[in-house]
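Student: Following this message is one structure expressed as structure tokens.
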2 protein chains.
Amino acid sequence: MTERVRDVNEDELLRRIFPLLPVGGSTQVGPGDDAAIVAAPDGRFLVSSDVLVEDRHFKTRWSSGADVGHRAAVQNFADIAAMGGRPTALVISLVMPGDTPVEWVEDLARGLAEACKPQRAGVVGGDLASGESIVVNVSVHGTLDWRDPVLRTGARPGDVVAYAGVRGRSAAGLALLDSGVIRPTHQHPLVKAYLRPDPPLEAGRRAARAGATAMLDVSDGLLRDAGRIALASDVRLDLDGAAFDDDRRVLSDAALVVAQSALRAGDAGELVGDIGQAEAANRLMNQWIWSGGEDHGLLAAFPEDVALPEGWTRIGQVHPPGKAAPRVTIDGRRPVVSAGWDHFEA
Amino acid sequence: MTERVRDVNEDELLRRIFPLLPVGGSTQVGPGDDAAIVAAPDGRFLVSSDVLVEDRHFKTRWSSGADVGHRAAVQNFADIAAMGGRPTALVISLVMPGDTPVEWVEDLARGLAEACKPQRAGVVGGDLASGESIVVNVSVHGTLDWRDPVLRTGARPGDVVAYAGVRGRSAAGLALLDSGVIRPTHQHPLVKAYLRPDPPLEAGRRAARAGATAMLDVSDGLLRDAGRIALASDVRLDLDGAAFDDDRRVLSDAALVVAQSALRAGDAGELVGDIGQAEAANRLMNQWIWSGGEDHGLLAAFPEDVALPEGWTRIGQVHPPGKAAPRVTIDGRRPVVSAGWDHFEA
């Protein structure tokens, strides 16, 4: 019989989870007291928070507990990397129905631990509560190791726009699962990219050391997040339409499969309409590349004379803001794909 | 027409909330970037997290957004105070249905701000997501200002057990609302104690300075939380049955009203049974005092020769652990009331 969280009391559940959680190199007092104590050697710390909601950000029939734990950790690490920092400690809050299998929770802890290990980050605390559906909140902490932070506000006209990480993979993996043509598996690279994103964390630190003027984690889609840098820095970003041709090659088969499946099901909506399969696949690919969320790549601006560090590719240029011009253009023109993910859109 | 969160996009919602949020004295980079930066002058920081779930921890028909914001903040502050620390920064994650009124969210921000102000704590970041019901997660950060932390592990036989704050008020306020005899109002002191708990934050710092050997925030009931100190320190706590006579005087009328209402409704269960009104009220009061949660008072152990600082009252003594003895006794005997709140109990 599957053991459920309502079958064990809270203290017992914590006793089961604690040994699975990673102990970080910066942890001075770990879980089990009213608060944890974490080292902040340069006299300040980075903090950010991301919440994952069942059936919004993940489905338990696709993602294992370990997948959710991994994703929750690394998407938070990406926020720290986007400041130029190094993650040190996570605090986890977990809301779940009483019938959640204890095994699922233990699996979540293992996923967190696996993601934390290479970063030497620890889980230092958290909270448990019951609720209608699973909600996983991660607060991540990091250190800048005496470096200056890289904010969103520093991009200047003339800067080079660069990207680190993959584009569209997570969106493509999600679309494959959604279309029902493939079952959740870590064997398929796109599905794995969705279940277990792998943000270029070290590239964030390299960008900071190289003198990046602005940087952010692309979680809601490249166009939307580029718009955020543009707005914060009061500039315009012009992106190269050909920038992600390597990613296109990786995505093209999946785009065709998903387009075919959508055409068959007749549920493709405005995306497909009267256009052929090839054009439908092409539009899907554009959507994934420019608006797909959750790859957690990094977008940054660098001074023109800086040699881009390892892992970074030039994808555009920073311009002065235009009077009527959109904040983000592709090859000088207003993008025709939607900007990206909005959490409350109907 | 009421404006709902699904009617505004996420960026717009953030633009509405940000100006309402408190800026703290320790905030170096506030909300709006991938991560915030908070000062940690003594080279480390305290961190803790608490999650509030709609219909588990609060009901929107009783608690306003400001009540929920206030509660979420101060119960986290109590965790910092229980280490001997001072809160510096909060990070808030908010999950809510699309039909949540924007006004409710703004009100939540105002409640957070009001609670933060006297502490000079700031809200430095957070996340928003949609979900079935409202979930508010607060991660709190604090500083020890170069002091040693007060953990749960340091109580020694011979120490005095002391308590700061009120007992049973929140549980009584909740019972009054639950019984339907009173409507939610800040005018009634017990209902207010439930809607807006007021933990003795300064008393926590005073205890640390006075040399408390162990301390925790009592959030799940005095007996349960006393058991946690006893277990962590490997001691036994014997509490004085008469310790909270002042609180009893404050609670007695409410206990009578709730007992009467339960007897009338015939839903009093084992609590009342064949006993009279006075005895039913007395048992209710014991329940509130010993097992009521959410007053967020502080429980600590002090060396015998220490003069208890302002706000602290002696309520018992620390003894060596007994072979078959329970971890916590009242006047030397095993308590007959239930220990307190368990988050997953059916």
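A Cβ is built for glycine as well, from the same backbone N, Cα and C atoms used for every other residue.
Below are the features I grabbed from TrEMBL:
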BINDING   A:D34, A:D79, A:D217  Mg(2+) 3 binding site
BINDING   A:D34, A:S48, A:D79  Mg(2+) 4 binding site
BINDING   A:S49, A:D50, A:D127  Mg(2+) 1 binding site
BINDING   A:D50, A:D79  Mg(2+) 2 binding site
BINDING   A:H57, A:E294, A:W341  substrate binding site
BINDING   A:G126, A:D127, A:R152, A:S219  ATP binding site
BINDING   A:D220  Mg(2+) 5 binding site
DOMAIN    A:32-143  domain 'PurM-like N-terminal'
Student: Please report how many Å separate the Cα atom of A:S49 (Mg(2+) 1 binding site) from that of A:G126 (ATP binding site), as a whole number.
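Tutor: Spelling it out, the Cα of A:S49 (Mg(2+) 1 binding site) and the Cα of A:G126 (ATP binding site) are 13 Å apart.
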Student: Including all protein chains shown, what's the count of other C-beta atoms within 10 A of the C-beta of A:S48 (Mg(2+) 4 binding site)?
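Tutor: Its Cβ shell of radius 10 Å holds 31 other Cβ atoms.
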Student: Checking A:D79, A:D217, A:S219 - which of these binding-site residues have a CB within less than 8 A of a chain B CB?
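Tutor: From A:D79, A:D217, A:S219, flagged as close to B: A:D79, A:D217.
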Student: Here's one to test understanding: among the binding-site residues A:D50, A:H57, A:D79, A:D220, whose C-alpha is closest in space to the C-alpha of A:R152 (ATP binding site)?
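Tutor: Going through A:D50, A:H57, A:D79, A:D220 one by one, the closest to A:R152 (ATP binding site) is A:D79.
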Student: Return the member of A:D79, A:S219, A:D220 nearest to A:S48 (Mg(2+) 4 binding site) in space, with distance defined Cα to Cα and candidates limited to these binding-site residues.
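Tutor: Closest recorded candidate to A:S48 (Mg(2+) 4 binding site) by Cα: A:D79.
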Student: Check the Cα-Cα distances from A:S219 (ATP binding site) to the binding-site residues A:D50, A:H57, A:D79, A:E294 and tell me which is shortest.
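Tutor: Ranked by Cα distance from A:S219 (ATP binding site), first place goes to A:E294.
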Student: Hey, of A:H57, A:D217, A:D220, which of those binding-site residues are within 10 Å of A:D50 (Mg(2+) 1 binding site), Cα to Cα?
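Tutor: Taking A:H57, A:D217, A:D220 one by one, none has a Cα falling within 10 Å of A:D50 (Mg(2+) 1 binding site).
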Student: Name the one residue among A:D34, A:H57, A:D79, A:D217 whose Cα is closest in three-dimensional space to that of A:D127 (Mg(2+) 1 binding site); these are the binding-site residues.
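Tutor: Closest candidate to A:D127 (Mg(2+) 1 binding site), judged by Cα separation, is A:D34.
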Student: Restricting to the domain 'PurM-like N-terminal' (A:32-143), report the mean pLDDT as a whole number.
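Tutor: Overall, the domain 'PurM-like N-terminal' (A:32-143) comes to a mean pLDDT of 97.
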Student: Relative to the Cα of A:D34 (Mg(2+) 3 binding site), which of the binding-site residues A:H57, A:G126, A:D220, A:E294 has the closest Cα?
Tutor: A:G126
Student: Going by DSSP, is A:D79 (Mg(2+) 3 binding site) part of a helix, a strand, or coil?
Tutor: helix
Student: Between A:S49, A:S219, which of the binding-site residues has its C-beta surrounded by the fewest other C-beta atoms within 10 Å?
Tutor: A:S219
Student: Spatially, which candidate from the binding-site residues A:H57, A:G126, A:E294 is nearest to A:D217 (Mg(2+) 3 binding site), comparing Cα atoms?
Tutor: A:E294
Student: By CA-CA distance, flag whichever of A:D79, A:G126, A:D220 among the binding-site residues is nearest to A:H57 (substrate binding site).
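Tutor: So, of the listed binding-site residues, the one sitting closest to A:H57 (substrate binding site) is A:D220.
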Student: When DSSP states are grouped into helix, strand and coil, how many residues of the domain 'PurM-like N-terminal' (A:32-143) land in each?
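Tutor: Helix (H, G, I), strand (E, B), coil: 35 helix, 47 strand, 30 coil.
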Student: Rank the binding-site residues A:D34, A:D50, A:D127, A:D220, A:E294 by the number of other Cβ atoms within 10 Å of each Cβ and report the first-ranked residue.
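Tutor: That would be A:D34, with the highest Cβ count within 10 Å.
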Student: Please find, for A:G126, A:D127, A:R152, A:S219 as listed binding ATP, the greatest distance between any two Cα atoms, in Å.
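Tutor: Per the listed residues, the maximum Cα distance equals 31 Å.
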